[in-house]
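Encoded as structure tokens, the structure appears first; notes follow it.
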Amino acid sequence: MKRVSLTQYLVEEQRLHQNINAELRLLIEVVARACKRISYSVSKGALGEVLGSAETENIQGEVQKKLDVISNEILLEANEWGGHLAAMASEEMETIRQIPSRYPMGEFLLLFDPLDGSSNIDVNVSIGTIFSVLKAPEGMNQPTEQDFLQPGTAQVAAGYAVYGPQTMLVLTTGNGVHCFTLDREMGSWVLTQSDMQIPASTKEFAINMSNKRHWHPPVQRYVDELLAGETGPRGKDFNMRWIASMVADVHRILNRGGVFMYPADLRDPQSPGKLRLMYEANPMAMIVEQAGGAATDGKGRILDIPPTKLHQRVPVFLGSKEEVEVVTGYHGA
Ligand SMILES: O=P(O)(O)OC[C@H]1O[C@](O)(COP(=O)(O)O)[C@@H](O)[C@@H]1O
Ligand SMILES: [Mg+2]
Ligand SMILES: [Mg+2]
């Protein structure tokens with residue numbers, strides 16, 4: 001097998017499509033290097049004293065795990081001196097992080113969920129890192145939070161690393177979705193899947209069923225029909241999977257299809273769901289669409305949502321196109 005490294009892929013992509021300039025390539029390489037470091041910390045577990053709670057709270061009011069904090073620090077430190085970024089935003093930080101003035105300011109904005117699936121850290125189940133890249137507005141002096149509030153369609157790149165049995169990096173720069181596997185001996189990312197495609201139809205769904213009694217009627221109806229199986233209105237049996245790490249659930253769907261749902265529910269009518277638009281929904285929606293799938297908030301395309309705040313939450317329905325269309329249709333879209 002001819003081995004293609006991440007750098008070779010990025011250089012070739014620029015040669016063919018002119019969509020990854022040197023600054024963007026550097027940014028992606030720095031993020032990938034940071035993910036490699038996070039992967040090493042994750043794999044050390046108790047030996048590296050990285051498990052357990054940090055006993056601090058993040059801006060979302062969630063108790064942080066040590067690895068949430070460590071991963072956030074790794075990504076901040078790796079990116080602040082690179083010269084490719086104007087500023088960063090993280091699920092774990094209240095507001096944006098400027099690049100220190102001693103470093104040159106670059107043309108991109110980076111957003112990340114440094115450690116996705118925190119509840120799985122201490123039980124050795126797949127977790128990940130999600131990132132999104134936007135262009136900084138032209139002529140900007142010091143970036144502000146407002147500069148980050150761009151719709152998902154404005155993303156120039158999105159990706160995630162999944163720390164599972166293998167560590168993988170899944171990336172899109174708007175020209176298909178490609179997967180790189182970390183070769184630990186060589187310390188390099190090797191292209192192992194090109195042009196990943198999500199099958200349009202599926203017999204698998206992913207949702208946290210324990211919230212069923214709180215769901216809105218369209219979600220109740222949709223999932224009841226799936227559960228009714230072969231003799232129900234859908235005429236086929238569906239299987240269910242729920243890992244509780246979005247990265248791992250989306251990675252499965254990219255590989256064999258499926259529909260992933262995290263709806264808003266009746267518990268808190270003010271809260272539009274659990275997942276965060278800027279760090280989770282937008283980058284995953286870009287990846288899923290680039291792989292031929294669909295991603296909506298039940299009403300419309302996630303990538304078209306105009307963000308109003310950095311830590312905004314949204315309902316999410318994504319994956320195999322036919323199923324996303326059915327559940328979105330039930331919301332009256
Ligand atoms: O525990 P629940 O309610 O099933 O939620 C699981 C969801 O929450 C998340 O873990 C949120 O991510 P964080 O760990 O980054 O907060 C998703 O990855 C996952 O899909
Ligand atoms: Mg997350
Ligand atoms: Mg997280």
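Using N, Cα and C of the backbone, Cβ positions are placed for all residues, glycine too.
Taken from TrEMBL, the feature domain 'Fructose-1-6-bisphosphatase class I N-terminal' applies to 5-193. The feature Mg(2+) 1 binding site is assigned by TrEMBL to GLU91, ASP113, LEU115. Per TrEMBL, Mg(2+) 2 binding site is recorded for ASP113, ASP116, GLU280. Taken from TrEMBL, the feature substrate binding site applies to ASP116, GLY117, SER118, SER119, ASN208, LYS274. The feature domain 'Fructose-1-6-bisphosphatase class 1 C-terminal' is assigned by TrEMBL to 198-330.
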- Item | Within 10 angstroms of ASP113 (Mg(2+) 1 binding site), Cα basis - binding-site residues out of SER119, ASN208, LYS274, GLU280 | GLU280
- Three-state secondary structure of LEU115 (Mg(2+) 1 binding site) from DSSP? strand
- Rounded Cα-Cα span from LYS274 (substrate binding site) to LEU115 (Mg(2+) 1 binding site), Å: 16
- Message: Return only the integer: C-alpha distance in Å from SER119 (substrate binding site) to GLU91 (Mg(2+) 1 binding site).
- Response: 15
- Query: Once ASP116, GLY117, SER118, SER119, ASN208, LYS274 are set aside, which residues in the chain still have Cβ within 8 Å of the Cβ centroid of the substrate site?
  - Reply: ASN120, ALA244, SER245, MET246
- Item | Rounded inter-Cα distance in Å - ASN208 (substrate binding site), ASP116 (Mg(2+) 2 binding site) | 16
- Note on the structure: Residue counts for the domain 'Fructose-1-6-bisphosphatase class 1 C-terminal' (198-330) under DSSP, helix then strand then coil, are 59 helix, 23 strand, 51 coil
- Message: For the C-alpha pair, I'd like the distance in angstrom between ASP116 (Mg(2+) 2 binding site) and GLU91 (Mg(2+) 1 binding site), rounded off.
- Response: 10
